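Here the structure is laid out as structure tokens; the discussion comes afterwards.
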């Protein structure tokens, strides 16, 4: 029997693969991601070995090595890797060089290399990785070395705030026991070493700008009655981290069964929601809150809590340059706007290019500022273009918006008949939305509520989409949205008394959504520089009169009389993320025989002359008889040309110019008296085509007319905010 046991043991040794044999002989390491990050799952690769943190050289590094690093940190994989210290130079030793991985290794230490500490690299060659944001299900954090606690970051699968039973119906959940998921199991954290800065980070991750105190008595009572399962470590956050994975691991908690955390109890966190996300006990939600006198805003984002960062200075909105832009600075922006910490700091105009000045560059924040305007920046740094506009993606609370709305019958998840969960005969049922007055603004709210980005089309007939037959009845009608609402319920509608003459069925409202959209902006300077008056005889305006480009008095005018026209050029840029295309297909374009061209959009722009109190005194309009790429930025190819009945549109990075000397490029001011006026131009006024930002579709100029000449000055795009800031708010600016 003894001989048989020895034989079996020897046989087992011979059959075990060599890699498994060597695993026990491999050096044991810990990893972390460090440096100036733009999202928490990326950074410079740092290795803890032999009691010291060091870096990895980029020589021979590959995506396979990046996969090993990311999986060792608990992520599902790697998206990319970056050489040449892209997240800043590390310090200390360069532990690994010439790393060769197959991608199947369990640890970076198992990959071939020159050996630990053998390197001819400098820290300018430190390698970095970008991991997938998804965590490995069931991933369990293991501290491999007793001395690696210092500097080691927290790596857990998931984090949540678990509300008490009485608070679980509240939306959003702002208070409860903190739990982390490790090894596939939810565990509590002992509060013996817990502090306010830790709570601040947790609240930020959950979409809340801050933390607050709470009544501990009911939680102590609940904790004494519950079975507890503590995580094995404490946590040390400084408070300016955007994610728990950026916090340092604290001391190890000794497991003593029920006696674990004997001097404390499970951590409880209480957060302050932004005003947009004020909690509600009922199924409804509070109206979208409009912040008064904002200093910072987001524009061009497809989702709630994301967009291009714009700041207000001297009554003019401008952008922020992406030099030194990182997740800590982005978190200041997110918290200021009532969101949580930042998920990602975006560079390179990823949310479209802004207009106007670039107000801030090389911004540096500590992470505790109440406003981006309190952060240091370099006022002398010039030369930043809008191609470098900074943007953010913020953590937002789980509101369950998508649970009350769905798209049905579409060919893909981004389109379909709109179905809402509404009340009928005292119970909640799925039903359709009446399509009367259904348009782009309403569709925009639907797409945003579902997290599907922007609307590409709004449909008033959906007979070709076979939705759920049990949801055919109309449960919502009279919907009117401004486009800023978070949910369709926040829009004006008829309430419980549904009125829909056409009924549902084939006339139910529908949408199609897209993650990118165009953004048209009029060049205000071109308008200001090209404005002039022309007196033109009626007999030379027959085609323009036919297309209703003259004022009403022209209908009775003598053919030999003259019309006074305020002419100007318009240069319309597409600063968005997708091409601007007419909604109507070429087959449905309208032919105008007089001018011998098609109109792809009957009303592309409105031209108005208004009194200083906003009363319209003269108007004009421009049909898009030719949407094309007149000029493009360097490196961008023209795609649209009207010649030979070609495709119409405006490519991203290109602009369409309507010269001052073409028909209808004017306002007929024949009947206008001398005085001071406002010249207003509105692009895409009926919102016929969806855009990422409609606020910059308006351009206004001050104008003075003396009966013979017209002076046009102070032209600006967008709704300029000329309110007076209080001295307290003015003191918050570091602007020079």
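Cβ coordinates come from backbone N, Cα and C, glycine included.
Just so you know, TrEMBL annotations never went through curation; they're auto-generated.
So that you can see what the record holds, here are the features copied from TrEMBL:
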| type | residues | note |
| --- | --- | --- |
| SIGNAL | 1-20 | signal peptide |
| DOMAIN | 31-132 | domain 'SRCR' |
| DISULFID | 57-121 | disulfide bond |
| DISULFID | 70-131 | disulfide bond |
| DISULFID | 101-111 | disulfide bond |
| DOMAIN | 161-272 | domain 'SRCR' |
| DISULFID | 237-247 | disulfide bond |
| DOMAIN | 296-395 | domain 'SRCR' |
| DISULFID | 365-375 | disulfide bond |
| DOMAIN | 405-514 | domain 'SRCR' |
| DISULFID | 481-491 | disulfide bond |
Count of other CB atoms lying within 10 Å of the CB belonging to residue 237 (disulfide bond): 23
Same-chain residues at least 6 apart in sequence whose Cβ lies under 8 Å from residue 57 (disulfide bond): 94, 96, 97, 98, 99, 119, 121, 125, 126, 127
Stretch in 161-272, 296-395, 405-514 most in contact with the domain 'SRCR' (31-132), if contact is a CB pair under 8 A: 296-395
Rounded Cα separation (Å) that holds between residue 131 (disulfide bond) and residue 481 (disulfide bond): 39
Residue 237 (disulfide bond) and residue 375 (disulfide bond), distance between Cα atoms, whole Å: 21
Sparsest Cβ surroundings (other CB atoms within 10 Å) among the disulfide-bonded residues 121, 481: 121
Average model confidence [pLDDT] within the domain 'SRCR' (405-514): 91
Most Cβ neighbours inside 10 Å, all chains, among the disulfide-bonded residues 70, 111, 365: 70
Those residues of the chain, 6+ apart, with a Cβ under 8 Å from that of residue 101 (disulfide bond): 62, 64, 65, 67, 68, 108, 111, 112
Among 131, 247, 375, which are disulfide-bonded residues, the residue with the most C-beta atoms within 10 angstroms of its C-beta: 131
Separation of alpha carbons, residue 247 (disulfide bond) and residue 70 (disulfide bond) (Å): 18
Nearest of the disulfide-bonded residues (237, 247, 365) to residue 491 (disulfide bond), judged by Cα-Cα distance: 365
Counts of helix, strand and coil residues, the domain 'SRCR' (31-132), according to DSSP: 16 helix, 36 strand, 50 coil
Among 237, 247, 365, which are recorded as disulfide-bonded residues, the nearest neighbour of residue 481 (disulfide bond) by Cα: 365
Alpha-carbon spacing, residue 247 (disulfide bond) to residue 365 (disulfide bond), which is rounded to whole Å: 18
Residue 491 (disulfide bond), number of other Cβ atoms within 10 Å: 21
